[in-house]
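**Student:** First the structure, which I've put down as structure tokens, then a few questions once you've had a look.
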Amino acid sequence: MLLHFDIVIQLLSSHTLKSHQVEPPMDFETSFEEFVEDKRFIALEVSDNDDDCDTDLTADTADELESSAILKMRESDASLNVTTGNNTSRKTTSNSKKRWSLLSNHSAVSSSKSKKRWSVLSSSFTSESHKDRESRNVLQQKRKSLQSYSSLDTVASNSSISASSSLKRSSTGLSLRQLFTKIGINDDISQPGIGIPQGKENLPPTMGKKNSSIASTSSENRLRTPLKPLVNHSKRPTSQPQQQQPLYNASLSSRRSSISSTVSSSSSSKWRFWKRNKNQTPALLQPDHHSLKTFPAVNRRDSMTPVEPRNMVKHKTSFSDFHKTIFSSNTYSESSDTISSMEITLKNKASSSSLSLNVLKKRNSQSSLKHKSSHASLQKFKRNKGKSSMIAPSTATNSSNDDSCSYSSKNSTLSHRISLPVPDQVSRDKIQNKLRYSTSLLSLNSKSSLPMNKNDHDETLLRQILLNCDIKRILNPAKGDVLPLINDVNHLSSIQLTSNVWQIGEVICKKVSLGTIDDITWDRKFLSLQELEKLKIMQQKFDGIPQLLKSFVVKEANGGLYLYLLFKDHGTPISLISLKNWKQILKIFWSCAGIIHGLEKNLKFEHRNLTLDNILIDGNGNITIIDFKCSRLQTPQDDVLYLRLDHPLFFLNGKDKSKINEYQYQFEFEIYQSMRILLNMDASAFEPMTNLYWLYYLSRVLLKFGDRKLGKNDANRDKMARVINHLEMNLAVHKRGGQLFKRLETEDIKNTGDLLKLYK
């Protein structure tokens with residue numbers, strides 16, 4: 001609704017003349033339409049055009065805003081100026097129109113009606129309001145009103161008046177009262193020194209007449225910086241000079257009232273719209289220090305810390321946008337001085353997380369350089385450091401002190417050393433146990449190997465072999481030497497059984513290569529020597545051992561040396577025969593157990609490779625165990641003959657899968673692994689449980705072959721099954737997923753003797 005400017009002047013003049021008369025508060029529940037019909041309020045059109053947002057405003061010098069919120073006014077071509085001397089409004093050109101940017105409350109216009117309302121635009125109050133205020137009910141809620149010119153004069157004269165002498169809150173209606181209650185004090189930007197005469201920036205205007213007795217709730221440090229009015233350049237004539245009057249806005253806050261009560265008292269305030277100038281620098285960034293001293297805001301702790309505006313209002317084209325901006329950040333802090341100082345500190349201080357990350361990226365710990373003792377590692381580290389410094393120069397600069405030790409350590413005595421791993425105690429024990437009885441040249445603890453020349457060591461082994469042979473010299477057929485038991489047999493009738501075994505009539509010839517005399521083949525010679533020694537020892541008084549007929553060394557035409565071992569024919573390996581019945585299977589098993597028990601009891605013997613190929617059976621059903629290269633026994637001189645568990649002979653069967661099925665192949669290496677776990681890689685130790693492992697292997701394989709060819713309905717088959725179950729309970733060699741179970745507690749079978757006692 002657009003009103004002519006003369007009506008506005010008339011209403012304001014009448015309100016000024018009657019400003020000293022205190023009228024009773026009006027009913028809060030009177031409808032808003034009632035006052036619209038009576039025209040007892042001032043309301044001007046608010047344009048939605050952006051060009052109209054720059055309306056110029058020159059407000060009254062004494063008009064004050066309460067601590068809840070401040071809205072700025074717009075002004076058209078003519079501006080209304082009110083003098084401070086006589087408290088009267090100055091009239092400008094009658095053709096000009098003034099536009100206000102929000103509905104205000106009713107002016108104090110004289111009327112014959114009984115109820116009147118105080119306007120938010122009231123410019124002054126007299127001291128009589130204080131008297132009428134004291135005469136009214138003390139229990140009513142007290143509100144702070146806007147300060148008039150006299151209140152500003154009171155502030156300038158440092159008069160101490162109680163804050164309880166404010167007028168009651170009056171409103172035009174419930175809707176406006178709720179609206180103004182929600183609005184908080186949030187100025188966009190303080191405009192220090194706007195409209196203040198030169199030389200009087202720090203002094204508020206004084207009254208020429210008597211001072212008002214209305215209590216002032218704020219002192220000099222509670223005044224806020226004035227806001228710069230915006231000018232509507234599109235409608236204002238450029239030739240018309242604009243006269244500016246000092247504009248002061250007092251920021252009032254009560255120490256006793258809470259934040260909610262302070263905000264709720266906004267209904268008795270004077271609301272205006274304003275718009276920040278695009279080309280103007282915010283007040284916080286301007287070097288205007290005297291404005292902060294002149295218009296400090298008082299926080300809840302009465303400190304002189306200036307209140308920093310928390311809501312930067314940008315260009316708003318409508319009241320709804322401005323309303324949302326005001327309400328979006330309407331928050332108060334009970335300790336604004338502490339909070340403001342903390343905010344400044346936090347802005348200047350980096351977070352701990354980012355600081356720690358930056359430090360870790362830029363620095364290298366000195367402890368990481370302790371292991372870089374070799375010269376090559378330091379040079380590599382230096383090159384990497386140089387590359388990283390090219391990528392991030394600041395990083396290299398910050399870490400130069402930390403990395404100085406890495407560059408200086410080049411010239412130290414540690415720079416030419418090579419850092420080697422240090423084994424723990426468990427690894428040391430394993431290495432010592434492995435090397436204690438090792439026959440290799442690298443082992444100094446071995447009794448069979450001494451520090452000597454390699455050729456001398458090879459010749460020593462060859463002499464020992466000849467000493468254990470039946471013929472103590474090397475036979476050379478090229479020179480006419482006759483080979484015993486072989487020259488008498490036609491070689492055309494020989495049958496090759498394996499790669500190094502032939503059957504010549506009733507004689508089994510095993511041919512083992514020893515290499516040439518000049519070659520260092522100590523491993524072959526050593527294995528041949530051990531096998532020959534074991535056979536010599538076992539043939540003295542034990543059954544089930546192959547009978548060695550002759551042994552000698554032959555030098556063939558190619559210059560190679562071969563050890564010939566001639567045995568009696570003891571039958572065929574059980575892997576190549578067809579089993580007849582379960583009784584035969586059970587006899588094979590117990591015969592092997594008896595042979596091993598005799599050797600175990602007298603020689604502390606362990607076969608350690610009792611496969612089906614190493615068990616022979618003749619036409620009479622007699623069982624013979626062969627191939628003792630991998631076995632372990634103790635000589636009468638208490639020497640231990642054994643082969644280390646990591647020797648390739650334990651893995652030879654994997655290369656010849658054609659002779660064994662997949663089940664047998666996998667089961668063999670499960671037993672190998674079980675032995676390594678049981679012996680803890682100490683192959684020289686005597687552990688009779690290894691014989692039980694292989695007997696368990698033999699029983700399982702025979703049971704599988706019997707089930708496939710003979711069926712399961714047999715009493716001897718049940719006996720074999722009970723033995724297998726008993727061995728499983730004691731050996732725990734059954735596995736799932738390739739790993740052995742923990743050994744059970746019921747260990748009633750510890751050797752082959754215990755097994756024979758249970759099933760005698």
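Glycine too: its Cβ is placed from the backbone N, Cα and C atoms.
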**Student:** Where Swiss-Prot marks phosphoserine, which residue is it, choosing among S14, S76, S150?
**Tutor:** S76
**Student:** Between S79, S329, S388, which does Swiss-Prot record as phosphoserine?
**Tutor:** S79
**Student:** With the ranges 26-34, 152-160, 161-169, 224-232 to choose from, which does Swiss-Prot describe as motif 'D box'?
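**Tutor:** It is 224-232 that Swiss-Prot annotates as motif 'D box'.
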**Student:** Please state whether DSSP places G480 (ATP binding site) in a helix, a strand or coil.
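**Tutor:** In the DSSP reduction, G480 (ATP binding site) maps to coil.
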**Student:** Among I474, L475, N476, P477, A478, K479, G480, D481, V482, K510, the annotated ATP contacts, find the widest CA pair distance and round it to a whole Å.
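**Tutor:** The ATP-binding residues span at most 23 Å between Cα atoms.
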**Student:** For A478 (ATP binding site), what is the tally of other C-beta atoms lying within 10 angstroms of its C-beta?
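**Tutor:** Result for A478 (ATP binding site): 8 other Cβ atoms within 10 Å.
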